[in-house]
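Chemist: As annotated in TrEMBL:
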| type | residues | note |
| --- | --- | --- |
| ACT_SITE | 53 | active site, proton acceptor |
| BINDING | 148 | substrate binding site |
| BINDING | 179, 225, 233 | Ca(2+) 2 binding site |
| SITE | 49 | site 'Transition state stabilizer' |
């Protein structure tokens, strides 16, 4: 998410870019993702989220470590103590560098690992467009300002997505990624305050209050989707309609806005429509703010600039 990137969806990325230069690239990435998810089902959500947090400018900047004279994005508020899966990306990069050095970018690895995480979890597949270069820097400020927070209202969500070139519909479809993964109590504490209103599910909130009231409450994890937490499906939208959205920004899609509620209803009723829209929105998001040609590099180690 390098602030210097210019969002330009017209930049041409290609499918099968590594067909000749690194034909094993996609199978190597898939194999590592499959292994990681088999050991920890939560890793699918983590890898998908890494790409999302990188992709308000898909340039691998989220992977850069802080140094004495450089501050990256890992300590930005939306990322701190939250993003994980970096070691999986490291392992993928290490094998790719031994098979085809200086060929596959870290940003392309993130995009492919996100797709594979969805597929392995039972979701739709798509051809990942390749050709992103890795950034030469990062912007903690951009990461802090651009990535929507868990307490965002619908107008804030819409504005933050539109700021990077994603539509209202993209926002609802991409929110469906919360069918996977977990969140700390500290991210949804405001959900536990309200106990009245038409969409309040008291049983759900009481269970959360019980979980989060324990001594280490703020660091406790709750599933974003209680029903099928490791399966990529449309259950997230069904949960919202029954008042079981974990994050305030999720439940707001049903309670705060008629238009968003209608789209949530349509995805709750038609999983294939959700899959199709999610796939198209992922492709669109994956082409945001990419660096090509001489604007970036292909890092040998995803954590540091060459």
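Each residue, glycine too, has its Cβ placed from N, Cα and C.
Since this is a predicted model, take the numbers as computed values, not measurements.
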Chemist: Taking the Cβ of residue 225 (Ca(2+) 2 binding site) as centre, how many other Cβ atoms lie within 10 Å?
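Modeler: Taking every protein chain into account, the count is 26.
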Chemist: Which one is it: of the recorded positions 49, 53, 148, whose Cα lies the shortest distance from the Cα of residue 233 (Ca(2+) 2 binding site)?
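Modeler: The answer is 49.
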Chemist: Measuring Cα to Cα, how far is residue 179 (Ca(2+) 2 binding site) from residue 49 (site 'Transition state stabilizer') in Å?
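Modeler: A Cα-Cα distance of 12 Å.
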Chemist: If I take the alpha carbons of residue 225 (Ca(2+) 2 binding site) and residue 49 (site 'Transition state stabilizer'), what is the distance between them in whole Å?
Modeler: 15
Chemist: Around the Ca(2+) 2 site recorded as 179, 225, 233, what other same-chain residues have a C-beta within 8 angstroms of the site's C-beta center?
Modeler: 176, 178, 180, 224, 227, 228, 229, 231, 232, 234, 235, 236, 239
Chemist: I'd like the Cβ neighbour count for the residue listed as 'active site, proton acceptor', meaning other Cβ atoms within 10 Å of its Cβ, all protein chains included.
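Modeler: The answer is 22 other Cβ atoms.
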Chemist: Cα-Cα separation of residue 148 (substrate binding site) and residue 49 (site 'Transition state stabilizer'), in Å?
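Modeler: Approximately 12 Å lies between the Cα of residue 148 (substrate binding site) and that of residue 49 (site 'Transition state stabilizer').
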Chemist: Using a 10 Å cut-off, grab the number of neighbouring Cβ atoms around the Cβ of residue 179 (Ca(2+) 2 binding site), all chains included.
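Modeler: For residue 179 (Ca(2+) 2 binding site), the 10 Å Cβ neighbour count is 28.
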Chemist: Give the number of CB atoms, excluding that of residue 233 (Ca(2+) 2 binding site) itself, located within 10 Å of its CB.
Modeler: 19
